[in-house]
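In case it helps, TrEMBL gives these features for our protein:
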TRANSMEM  59-84  transmembrane segment
DOMAIN    90-245  domain 'Sodium/calcium exchanger membrane region'
TRANSMEM  123-142  transmembrane segment
TRANSMEM  154-175  transmembrane segment
TRANSMEM  187-212  transmembrane segment
TRANSMEM  224-243  transmembrane segment
TRANSMEM  280-298  transmembrane segment
DOMAIN    280-421  domain 'Sodium/calcium exchanger membrane region'
TRANSMEM  310-337  transmembrane segment
TRANSMEM  343-368  transmembrane segment
TRANSMEM  380-398  transmembrane segment
TRANSMEM  404-425  transmembrane segment
Amino acid sequence: MMPMEEKEDLESDEEIPFSASATRKKVHPFDSEINIASHVDMSKSWILKRIQMGPLRSIYIVLIKAKINMLLPFGPLAILLHYLTGKHGLVFLLSMLGITPLAERLGYVTEQLAFYTGPTVGGLLNATFGNATEMIISIYALKSGMIRVVQQSLLGSILSNMLLVLGCAFFSGGIANHQKVQVFNKAAALVNSGLLLMAVMGIMFPAVLHFTRTEVHFGKSEMALSRFSSCIMLIAYGSYLFFQLKSQPNLYSPVDEGGVNDPEDSDDEEVPEITQWETIGWLAILTLWISILSGYLVDAIQGASDSLNMPVAFISVILLPIVGNAAEHASAIMFAMKDKLDITIGVAIGSSTQISMFVIPFCVVVGWCMGQPMDLNFQLFETATLFISVLVVAFMLQDGTSNYFKGFMLILCYLIVAASFFVHVDLEKDNN
């Protein structure tokens with residue numbers, strides 16, 4: 001009879017696993033452990049659900065989860081050293097390290113907000129907030145009258161996105177997908193290349209007018225032309241957004257959109273990790289913190305140049321864009337390795353287009369309102385560097401394919417640009 005009773009008890013336990021009467025009838029030594037474990041699991045799941053629905057999970061995801069957040073303490077440390085010591089070089093380096101994870105997290109939060117706004121508005125938000133760091137640093141530098149720092153840092157952001165970010169993305173994507181040829185939407189890439197060439201034209205003419213001494217009113221004509229050209233470039237960029245988002249949205253669809261969906265890619269179509277109001281709150285917090293650190297960063301540039309024995313041009317063109325392009329660099333490489341080159345092109349070239357056609361003209365208009373003589377005369381050396389770089393990238397994009405060798409060539413081109421600015425002396429910096 002005992003085996004039969006035990007069998008009936010086991011069957012009743014399987015039917016009602018959390019029954020109190022059933023647990024009392026159990027005589028096996030492991031019964032209490034199983035019951036306790038089940039209650040512990042239930043408690044853990046309840047706690048996890050509470051965390052997932054509360055702000056703790058948002059704080060963990062934004063400020064703790066990513067490994068780059070290990071650099072966050074350098075921001076407060078830079079502020080502390082600014083008041084305790086006069087070592088501008090150390091304050092500059094720590095401010096750079098502190099802003100880098102903030103720029104990356106700002107890009108992440110913007111991507112989360114895109115889940116709620118849709119791909120059209122989300123893409124615009126991603127491009128805008130992706131360049132928010134550059135705009136904030138530029139406005140702080142404009143307020144301090146550091147016109148050349150603004151010009152060179154924005155120029156460096158364009159060069160960094162076109163050569164370094166795109167080059168690393170092509171190289172990483174080519175290595176990760178070496179068994180096939182990576183393709184992207186050639187039409188969309190050529191439109192961006194055309195806009196970059198238009199930006200070069202707008203930046204080149206004030207410089208040519210200045211250096212050929214052919215102005216009607218010396219000094220005034222150059223400024224008037226810069227402001228007029230900036231307004232035209234802003235109109236052109238607004239027309240480009242309308243063309244991209246409303247008029248011809250099919251032009252920007254991925255080339256493999258009609259192909260067979262990969263189940264792994266479908267798994268990668270993530271759901272938002274934080275809520276819509278949390279993303280808006282984090283955007284405000286991160287932007288404010290970047291603004292605070294940008295002030296200390298700009299104030300330490302000249303002192304860092306003297307203490308580190310580096311030209312201000314090299315710091316502005318090469319080092320500062322590394323801070324602002326952290327988000328673009330990481331996301332472009334990630335998408336290229338997933339064989340999503342259309343997104344990579346949109347991140348790297350799209351960001352360069354926005355800086356050249358929107359951020360630079362916007363800074364000219366803001367300087368106009370501030371009474372600062374911000375113009376489009378980036379000087380001959382910088383303008384020539386931008387022109388040659390745009391031509392190189394345009395030739396790389398014209399066939400609509402990518403491989404690791406193209407990426408390697410773009411990286412080498414960026415190294416040449418970096419070496420050139422390291423030995424370049426900015427003769428105009430004392431005039432501003």
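Backbone N, Cα and C atoms are what each Cβ position is placed from, and that goes for glycine too.
Just so you know, TrEMBL annotations never went through curation; they're auto-generated.
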With the transmembrane segment (404-425) as the reference, which stretch in 224-243, 310-337, 343-368, 380-398 has the largest tally of C-beta pairs below 8 Å?
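Comparing 224-243, 310-337, 343-368, 380-398 against the transmembrane segment (404-425), the winner is 310-337.
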So which residues does the transmembrane segment (224-243) touch in its own chain, when a touch means Cβ under 8 Å and the partner is 6 or more beyond its ends?
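Result: 124, 191, 195, 198-199, 202, 205-206, 209, 353-354, 357-358, 360-362, 364-365, 368, 374-377.
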Per DSSP, what is the residue count of the domain 'Sodium/calcium exchanger membrane region' (280-421) in each of helix, strand and coil?
119 helix, 2 strand, 21 coil
May I ask for the residues of the chain that lie six or more residues beyond the transmembrane segment (187-212) and have a Cβ under 8 Å from a Cβ within it?
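Apart from its flanks, the transmembrane segment (187-212) reaches 158, 162, 221-222, 225-226, 229-230, 232-233, 236-237, 240, 251-252, 342, 345-346, 349-350, 352-353, 356-357, 360-361, 375-380, 383, 386-387, 390, 393-394, 397-398, 400.
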State, in range form, which of 59-84, 310-337, 380-398 has the highest count of Cβ pairs under 8 Å to the transmembrane segment (280-298).
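Result: 59-84.
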